[in-house]
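K.L.:
For 1-20, the entry in TrEMBL reads signal peptide. Residues or ranges marked as transmembrane segment in TrEMBL: 49-69, 81-100, 112-131, 152-183. Residues or ranges marked as domain 'UBA' by TrEMBL: 293-333.
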Amino acid sequence: KAPLSKSLMVILSTLAFVLTIPLQQYQQHFIYNIQAIKQDQQVWRIISARTVYLDLKDLFCSCLLIYNFRIFERRYGSRKFASFLLGSWVLSAIMDLLLVEALHHTFDMSVNILPSGFLGPIFALFVPFYFSIPSVQVVQILGRFSITNKTLVYIMGLQLLTSSTTTWILAFSGLLSGIVYHYNVLKVQQLLCVPKWVTRCASFILEPLFSSADPTDEAPIGMGATLEIQRQQRMEMLDQQIMLAQLNQNNRRHRWQGGLINWNRLFPPLRNRFPANNQQQESGLNRPSTVAPVSEEQVARLMEMGFSRVDAMEALRATNNDLNMATNILLQH
């Protein structure tokens, strides 16, 4: 259920291998040359050099990171995920040039060549990864250092950061663009978004090629082909369990405060957890509801993922307008 992530991995890998083996003579057109962009007006290099990789080590790390970041496409939907990639790509391109100029005028540091590839959006994805994905401890080393489900992703990001002496410029601009887009500074999410007609065309072309069928009920969980896939599946299960635990905690808090949340459609087994007389006593209380009103913007985001308006509103009421928790509930029910 992540066709955009799959297509990115396939297309970027294909272009990199084609330029590395059979078409090496054309690699000069994909070099991220800042001086050629500014002095020779080769603006097309911003598109070519900031998309195609010339270093296979960077390509390998980036594909692994895209594979791990596919969770955002599943949570937000392909259109919103594509809008994030587009917005961070445009913002990081502007920040690359500004940062190079600032280094030249402030520290007299001349930077002419930067690493090529889709690095700006890759580093930008670390921002929602840090804020949105819960950290689950897997093991402790020497009793002090904790290894979590996010450690491997950070290690791959560090490997990508140290691949070149100037990669830190792209990393800094990518992280900054990710922060700007994540917090919607100056309404960039409305300005830099993928139009719906582009999404429909891409869905018509790419989805038949890269989409996968839903897993059957008989398929056991944690039976991936490799240990890494099995570990990732277990981490995703732990993430869902944490979300459900937070949801149950909010349920208990609202129940003791007198707020009665309708769990009948989301969690049918919970209807029989409390005695009938307790439910009657709670329903007879004339306390004001503490549940926040449903945000129409959050409802629209859930509807963009394919959920109905009724289910989206009930999930948001149940999670007190927490978009991530509501998405997890709708995906599981």
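Placed from the backbone N, Cα and C atoms, the Cβ positions cover glycine too.
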K.L.:
What residues elsewhere in the chain lie close to the transmembrane segment (112-131), defined as a C-beta under 8 angstroms and at least 6 residues from its ends?
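P.N.:
Residues packing against the transmembrane segment (112-131) from afar: 8, 12, 30-35, 49-55, 58-59, 62, 65-66, 69, 72, 84-85, 88-89, 91-93, 96, 100, 150, 153, 157, 160, 163-164, 166-167, 169-171, 173-175, 177-179, 181-182.
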K.L.:
So how many of the residues in the domain 'UBA' (293-333) end up helix, strand or coil by DSSP?
P.N.:
29 helix, 0 strand, 12 coil
